[in-house]
Structure formats: structure tokens, C-alpha cells
């Protein structure tokens, strides 16, 4: 008998729940500037809000001895529209995440195992460097160049969170040397020597 | 002859008016994090911007002696994308809108008839209570628990506005006792006694 | 004994409650692009969230037979930062709120008494007109020219809500004829005749 | 061999590049409150980010001796979702862009050739007027009435930028006199004389 | 000799770095709706961007056997204005974080040790429940009621991130029973029995 | 006699005009996450909205033969809070603006004189390159690495606009080689050879 009030709300709530509370991304539907289209809320289950891929160490058997496993909206559609995403960072001894930016969001990193040396450079060209031990967190403001290095002799593990479901990632070396940017153009816009550029293009699979 | 300037603008304006000025919701098209897709602006009429459902008193013949009639984007697609929505609140003598939150927006209430006793609790756990008479307005900040009670002996009428086209509504009792949350789980997460939970589940149609 | 969890939160919550939940405007402190500075939350009371000025009819003994009583952040500091504000509109028989815009927010109007004829013009130059009776609501998208007229023979009363604590108000006649814009300049930028401009400058107290 | 880290990112980046970095508008797909749907990023080329229509003077052989050529999202879909757009303004001697507003964005104008007299009126009804010479820039806050006039004896050229991909444009004369708003209604809501209204309706092609 | 370009930028960048890149909160200065005032950027050091308090387990020797250690803007001013914050969650065996909301942000939780049973309720009153094991993440949309329980026999540890520097926290039991809300009022707005309310007020230190 | 309506609005408008319409930055007052504090609106004049520094060519007598003259909020406080800013770019023959990002905004560039070869790299590592002639505009999405080169034999002039009053600027070479980042650290995080790093540190005045 208490239903009338609740009934009214129940009716309209169930018909547009996705807009109100969440908007699980439908990766196959059109995207817009604010993110993916919403999955039909009647088909959303708790599994849309849970992502299990971060429990497994990434494969660090590579030159940089590092692996990043993202849970951005493209991998974890439950965060679409919610202003947040997550990732796992594995760093073997000697591992490094080279200079990179996230054009779309700020980042907080927490060290869960090992020691990580991290830093960023501001627009004012000031350098902020710190050795982070287990339990330390560091924030990297949106869009600024930053890096992380395993500063100890053992494996390091960190989790990172972003202020956007799709923060983007632009790795400096990859942007300069891992595509078809002509060597001459890279030289002109970075002042690096041609030989240096060609050497790294060779390593990273770049052409031109 | 003054047309050239106007002609240019007229052409482009008419082709994307929905993006510029408004975006009447097309409830049958895909939704995104920012709201419903826009109805074809050439088919938009003034009736898309007008909603007449709030002129009729809601049915308060129920246990809580209250009725809320919403004009959110799902009922009134003209507000889609415009950052605002509206609703009507009827409170019979003794009527109450029990504790609830709007996860997506702040609210302003205006008393049009009768007297309403209203309050909210902040994150700092401070209580803000006030008896509102005809013409008084009160603002309830986004996401905080609040309630409204008919504080007089006659019918009370209020209108409420929200800072979002889809502010959402989570009624505390309904969230705890009106669904399939197991009784044991509710007890563990609220410290309420099992008997109390089962009693209210009975009233509100909850299971588990 | 349950305190430890709560104690931790209680401590930090009380020290920055204003940022979390609300930011009652301190009209005497510096303003920023997002609004007024916040009043010390320890001095905030429920009266900061309540405004009683809208219960009294505005004085419509004027040429336009209309009165608007605002509860924007400058009058009602409790809405500062909350994305919403309110106002009362009184229209005597024959009363009119002439063409105006709100540069900073969309508006919803509800007719509480009488009949109001309202309209707005879009960027695509389409006209949207409607006669609104008691209980009808109409939404006016942000920044577009709109007006309201008492369409009946008796007093009309409406309440309006905005999607901004400080929506602004630019009344067309006042902007053109109520300040020191030179007549020649108004003529050049509106194509109105000089005599017409001077006539209205006389009415509205404009110079130049 | 450095691939593992890069490989992981490359995979997910390419699958949702449009959400991360840009969202070139697909003018044929559904729009939402945040703008057009995104073009498939695999079909995006550099030409989506370049617009060449502003190199050609607009045709100022009209009564106002002015022409505006827009590069808003509807003409230049590359700006969709990026919070910015552009336009070209040509003013022949004696040319004028009459009073208008952009409901959706602020504007910066730079004088590239000639001299332009510009101004805007605030909500507080203060008038801000300035003669701008080559190289000067002026900012016009969102939604406020403003104008530009060729203040010299030669052709003037300006470029304007907006803080929105779809800032909208509402030209005062066109809104009042260039549509089917009844003459009586314009008179009642502007206090202009009926003869004045009919005269300008004649010039601008308005009816009613 | 390459300095001129760099010199120009260096000068202006250093003078307003805080606005551009970050805004470390000055907890002693005025706050606004967007957060704390910025600390003088010339006095900012890397330590403003690092927080070490999350390496220490919270004290779970309490009735709920749980402890939350926040790194919100009030504890970690480096996140001010950056749209993100962090916290640590310790759950002893049998520990529980009772139903609560964050009015100002969405949350992602990652299980680092043990097993956690978590859930939330939507505005449509749908329940989303899941048992999370080490490495699983779950997202809780902004403003919705949710809880976490230690679902295993050993200590559980989780880290949580929020989409706001000041997400707020409203613990249901604390809001209902831990302040001076009169028992009668709680009963009227929750339908709980008076005896139940008084019992929990006794536990949580509430009055009234 | 028409004053009553206008009088009411005039009063409240003049007392908080800065919040409504604009917020000219007071560079000496506290800043917040949303920008500078507002200058007292009663002291604002049209000169706060006009900036004349872009009429003068920058000095390109340097190694990169380029000069950028910004009109960001720090130089042009009138844009504070308005979501837009501007700059002038001079490129002598052979001039280049090396790879850089704007962490806080998207950019549109218009070529006013000469020919400019420009490009950017996306998060998906796709390269977008184009030779721009007079009148062409190109948009560079927020936070992505991009460059501009004088592609002709004569002086080139461009104007650029940003979607933020303080878009920031991070020049890659300056961030890597123009500060005190240790050479070893740059090598580890960029894979550049030590000799290359030291060579560029020498040119750019870096230490370490």
C-alpha cells in the first residue's frame, strides 16, 4: 500500500537508468565526444562493473622490462562516463616506463611492491622527482611528461588510476620513432641527430 | 539585399540547430554519457519544450500520503542536455517523502501551499532542519540524504527543480528493503536487526 | 566502540565539508570563475540553505506591470557552486517580461496562477510560442532570446529555475536603450530609426 | 623486442582512438548533447583536421557590407568535441555585424586588416566599446550582446575564435524581424513602434 | 641562442604555473566551488605530489573491524583541482564498510589482499553484488549506496580511487543514528521502529 | 516608470557582475583550480578585454628562427574563466616550433602569411601532416605532440587560439634538455644516447 510513490519512481527510473546512474559502454555502437553509447540498462549485470584482468602480472620479458595492463573504457566498459579508469604496472628489475603523457587525464600511482623512482616535468620546466616505496602514492597532473623506473633490485608492482575513462597514452619514443614520421622531420622538430633518430627507428620499428 | 550575411548563417544554423541551442531527447535512439540522442531539429516543435503533467495533483492515497510527479528527461525530453529538470510534490496531511538522495543533481524546493518540514545531513554529519512556509525555498546539495514532511494539518504542494536533466532518485527504504538484497546482507551492512529488516521487506515487497 | 572508522572520517570531513558537499558563498571574499569563495563551514547554518524572499509578490505597479524577484547566488548564497538558482515572476494583467536572455543558464518556468504566453527564438531563427496554463512548465535553452506575457485578465504568478547559480540577465531594451550607447551606434548596429531609439532612451533613462 | 609494452598499448589505442584524443564529427550519425557522433577513427585523415574555406573573402556586396564564414563543427567536423571553433569576418567600408549573441561560447576577435570598432553590453548593463587596430584582440564573454563595425575607410578583415565547436549565433534583427513573430507580439515584448517593426520585417523578409 | 622562443614561454609559464598544470591546495586560504586556493607555485616541491600515509595499515580494532585512510584533497593537497583522489581500505576478518555514498565522485576499488564481497544499488533499485578476489576491480557509480565486506577468513586490503579530489562520504548509519536527528523524525522518514533507532543511536553516540 | 522590473535586476546585477558574465583575472589575488580571482567588476574597463601585444612581430633572431607571443590569462587577464585564449606565431624562413604539447587545451592555427608545414601524433601513434597555405586552419587536439615549420622561403605568420585561458606549453626539447634532469635519467627514460643528451643540454642550458 506504500507503493504509489515508489511505483511512480520505479516506472520512470527503470526506463532510463543508464542516463541517471551509469552508462556501460556499448563498444559496437556510435561514440560521441563524451564517450561510448550506453548498453541497454536491462542487459547490464554486475559483471559489467567488475574487471578481472589486473590480477595477472603483465609480461615484462622485453627490452624495457615493463608491462602496462589497462582497464580503460575500451577494456572495461563499466567506467564509461564515470570519470575514472585504472591500470596495472609491472616493472621487472631494471624496468622502465619511458617518458609519456596522458592527454586526457591526471594519474595517481600507488606502489604495492618494490621501489619506483618517478618524476614529471611541468610547463614551467620544473622537474619533480621522487623515490617511492611500498604504500606511497604520487599524482601526475594531466598532460605532463612523466616516467617510472624500478629503483630496486626486485620486481615492482604498482596500480594507477586516472581521472578519465579514456585518458589516452602518448609514449614519447613511440611517437617520435615508432611510426612513419620522416627522419628529416624528426630532426628538424627535435634537434636530435639523424643517426640517433635512425638508430631508434630501427629499435622501434619506425620507417621514413 | 541584406541577406548574404544572414543567408550564410541561416544555412549552417538550420543544419545543426540541435547541437547549438538544444537537444530534445529522442528516447528511442542510443543514449550516451551526456544524455539522449537529439531528435531531428526539423521535427522539433514548441510542444517538445512544454510539459503539462505537473498541473494535476499526484495520488496521495497511500501509506506515505505523498506523490512525486517527475519531469525529468525521460518524461520531458526537451530538457535533455540543458542541465535542468523539474517535478511536483504532493503531500497530504501526515505525508512524508522519506530519506532519499539524488545522485546526479542538486535540488531547490519551493513551497506553494501548506507547510513542509525538510532537512538534509552533510558528509560531515551535520543536520540541517527547517520548517518551510509558503514561498520559502530550500536547496539540497547533490547526493546528500534529505527528506520532506507535511508539517501542517492541510495539503501541502511544492515544486522542485534539479541541476540535471536526469538527477536520479535513490529512496533509502526502497534501496534497503524493496529489492532482493538478502536480509543477512542488509543486517551486516546497516546493523539493523533482522526482524526489523524482515518487517520492512514485507511492507515494501522486498525478497531475500 | 564502533568509532575508529567513523572517527577517521569525522575528522577529515569536518575540516573541509564545504569543498565536499556545498560552498555557501561568502559575498565579501574574493570571487573566482566558478563562483564566490566558501563561507567557513563551521559557521554555516540551515538558514544559509533557505531563502524566504519569494513568498512576497513583487511590485508590478510599473509600465510593464511585471516584477522579477531573484534568488541567485548574490541574493541566496547557499546555491553558490550547486548549479542551480530560482526566481519569482509576478505579472499583473497586461504585464510583460520583455525579450531577454540569460547568458549563463537554461530556465524552466512553471505557471502557478493565471495564464502566460511565452516564447523563444533559436539560433536557426525558428520561433517557439505557447500559451501556458496553471501547472504547465516550459524550458528556455541557455542564451536564447525569450519573453513572457500575462495572457489572461487576472494576475499571473510563475516560478522559474535556472541551471546556474548566477545565470545573468540581459534585457534587450535595457541593453539597447538604458545606458550610454550613442544613438548613432545603436542605429548602425540595429537598423532601428534614430527617432525610435531616442524615444525609448527617453523612457528607459538612456543617454547618448 | 621492445614491443610488449608498446604492443599492448597499440592494440587498445587503435581501437578507441576517437574517444581518447579526438572525435571527428560524423554529420550523418545521431547527435547528442555533447556534439556529433564520432567518425570511425580508422577513416580519419589529416584532412579532417584542416579547413581551407577561410582563405577566401566572403561576399560583402550586401546592405550590411559584411560577411561571416564559419568553421564550426557543422562545417569543420574536426573540431567536434574539442571545445573550440573559428570563423572569418569580412567588413567592406561601412560594413557592420549588427548586435548578436553566441549562446554557446565566448569569442576572441583579432584584427588582421583595417580598423574595427567593437563593443558589448554586460548583464549589469555596462557598455564596453573600443576601436581595434591591426593586431589587437578583444574578447566577448559568452552570451552577451555585441557588435563589430568597420571603423575605417578601407576593407577590414578579422578572424574570430570561439570556446565551443558550436557556439551558435543569434542576430538580434533577424530574431526580431526575420521570422514569423507577429508584429503585435514584437511590439509588446520590445516596446518598438509597430511601424518600425513592419519596416524592418519588410527589409529582412519577416512575416506576421 | 635558441633562447628567444623558450625565453618568452619560460617567463610567462613560471608566473602562472599553478593555473596551467596543477593547483596544490593551500588549506589555510579561501576555498571556492572548484576547490582550495593554490599554493604559491614557487614553493611547491615534489613532496606536495607524494603522500606516504597509505603504507600503514589502518587500525581495525573496532566493532566493524574496518579502517579507511583517505588521501583526499584535505589530506593530500596535491590532488586539488586534478579530478582524482585515493584511499586505503583495511578489513580484518569479519570486517565491513557499511552502506555509504560518495556524493561527489565515482569510485574504483582494487583488491590487493584477501577477498571482498561488494555491492551497490541503482536508482532503478537493481542490486549489483559480486565477490572480488585479489586483482579484481569494481566501479561504484557516483552517489549510489554501496558496501564492502571481508568475505574471507583473513585480512583483506584494498585501494580505492575516486573521480574527485573531494568525493565526500556519507555513511548511512552515521547519518541516521550518529547525530542529533530526533528519534521521531528518523522514524517518520525511514519507517524504522523507535526501539531500533534508539538502540543504534546508543551504539553510534547519537542524541535526540 | 518602467523602472521597477529593471531596478531590481540592476541592483543585483551590478553587485556580482563578475560571476555572471566575466571574471577578469586579478593576478595579485589567490588563484584556484578554475583560474584567477576576479578583479572588482566596478574597476573593470574595456581595456581589460583588449590586448594589443599581438600586433608586433616576435623576435625570430634565434636558432629556431621562431617566436611565440602569448595572450593567455597571465598576459591577458580578460580571458580568465572564459575558456579561450590566443597567441601569435612568427616563423622566419627556416623557422620551426619544435615538438610540444598544450596539456590544458586544444588549439586552432590559422596561417595569415606564408606557408606552414604542421603535424601531430595521436595516442594511437598515427601521424597527421599537412602543408598549410594562407587562410588554412588546422586543429590540434588537447595534449598531443605537434609541431609547426615554415615551409616556404619567406616569413610566415600565424595566429593560434586555445580552448583554455591557460592551456600550458610543454616544449619537448626544453623538458628533456633544458633543466636539471640527470643525463643518466634522460637516457634511461628516452633511450637516447648519452652523448646526444649532453650535446642538447649544452645548447639549451640544461645541467646534470
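Keep in mind that glycine also has a Cβ here, set from the backbone N, Cα and C atoms.
Please treat TrEMBL annotations as automatic predictions, because they have not gone through curation.
Small disclaimer: the values here were computed from a predicted structure and weren't measured.
Here TrEMBL flags E:1-17 as signal peptide.
Long-range neighbours of residue E:23 (disulfide bond) (same chain, six or more residues apart, CB within less than 8 Å of its CB): E:35, E:36, E:37, E:38, E:39, E:80, E:81, E:82. According to DSSP, residue E:23 (disulfide bond) is assigned to coil rather than to any helix or strand. The annotation disulfide bond is assigned in TrEMBL to E:23-E:38.
For the domain 'Cupin type-1' (E:52-198), the model gives a mean pLDDT of 97. Positions annotated as domain 'Cupin type-1' by TrEMBL: E:52-198.
According to its DSSP assignment, residue E:102 (Mn(2+) binding site) is coil. The annotation Mn(2+) binding site is assigned in TrEMBL to E:100, E:102, E:107, E:146.
TrEMBL lists E:102, E:107 with the feature oxalate binding site. Other Cβ atoms within 10 Å of the Cβ of residue E:107 (Mn(2+) binding site), summed over all protein chains shown, number 25. Residue E:107 (Mn(2+) binding site) carries a strand DSSP state (E or B).
The candidate set comprises the binding-site residues E:100, E:102, E:146. Of these, E:102 has the most other Cβ atoms within 10 Å.
Proximity to chain F, taken as a Cβ less than 8 Å from one of its Cβ atoms, holds for E:23 among the recorded positions E:23, E:100, E:102, E:107, E:146.
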